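All remarks here apply to the structure that follows.
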Amino acid sequence: MKEYILAPSLFSSKISRLEKTLNFLKMTGVKWLHVDVMDGCFVPDMASGPSIVKELKEVSNILLDVHLMIETPEKMVPDFLKAGADSITYHAEATNNGMYIIQMVKEEKKKVGVAINPSTPVSMIEPILSEVDLVLVMTINPGRPNKEFISITVNKIAELNQLREINDYQYLIEVDGKIDNNTIKPCAKVGADMFVSGGYIFGEEDNEVEMITNLKTALLEV
């Protein structure tokens, strides 16, 4: 059976409940935590920074999946590497220096990913698919958490999976945006491996374990 990865999104959890969040991750066997970084320019909101990553690494052994939703991400990559990020994903739309970022992250023996927005074609990142560890497909427009799941993005997941199989690429396909026990299924069916979920997991306090269980059950049905 295929092994899927769940990565709850810290952005949807209250910082005041951070200790509880880390405890529930440990309890449910979740190994990754997704950390959104926003600069107020590439996306409207602002969130997280290297200090949050550093603090998380000091109190937990959770693997940190850092998603840079910022302009000129190459300027901040060194700070997040130093802070302890285990994986860093930048947006293809935010820089012309993708290979430079990939090299920086690989030099530190960390995982590197590239993200694309719903309107960005897969062809934009084809030249670097052999170099990355993961490709993140946004299933909503970034920085707009209240929008609906964009179902046409499932076609991109399928396209990336096909390219992976044809070329024997090794990247994981990650999806982020309105992932719940219903939307997770079509993504998994066409090849997604890693699922970021925020509002669904943290929408109701003290209900996180049940939500994680629901996601795992949904994946078993694929």
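Glycine is treated like the rest: Cβ placed from N, Cα and C.
Copied from TrEMBL, the annotated features are:
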type     : residues                        : note
ACT_SITE : D36                             : active site, proton acceptor
ACT_SITE : D176                            : active site, proton donor
BINDING  : S9, H67, G143, R144, P145, N146 : substrate binding site
BINDING  : H34, D36, H67, D176             : divalent metal cation binding site
The rounded CA-CA distance in Å from the residue listed as 'active site, proton acceptor' to H67 (substrate binding site) is 5
Around the Cβ of H67 (substrate binding site), other Cβ atoms within 10 Å, all chains included, total 27
Cβ-Cβ distance under 8 Å, sequence separation of 6 or more, same chain as H34 (divalent metal cation binding site); the residues meeting this, in order, are A7, P8, S9, L10, F11, D65, H67, D176, V196, G198
D176 (active site, proton donor) has its Cβ surrounded, within 10 angstroms, by a count of other Cβ atoms equal to 25
The residue listed as 'active site, proton acceptor', Cβ-centred 10 Å count of other Cβ atoms over all protein chains shown, is 23
Using a 10 Å radius on the Cβ of S9 (substrate binding site), the other Cβ atoms enclosed count 23
For divalent metal cation, residues beyond H34, D36, H67, D176 with C-beta within 8 angstroms of the site's Cβ centre include exactly A7, S9, F11, V35, D65, M69, T89, L136, V196, G198
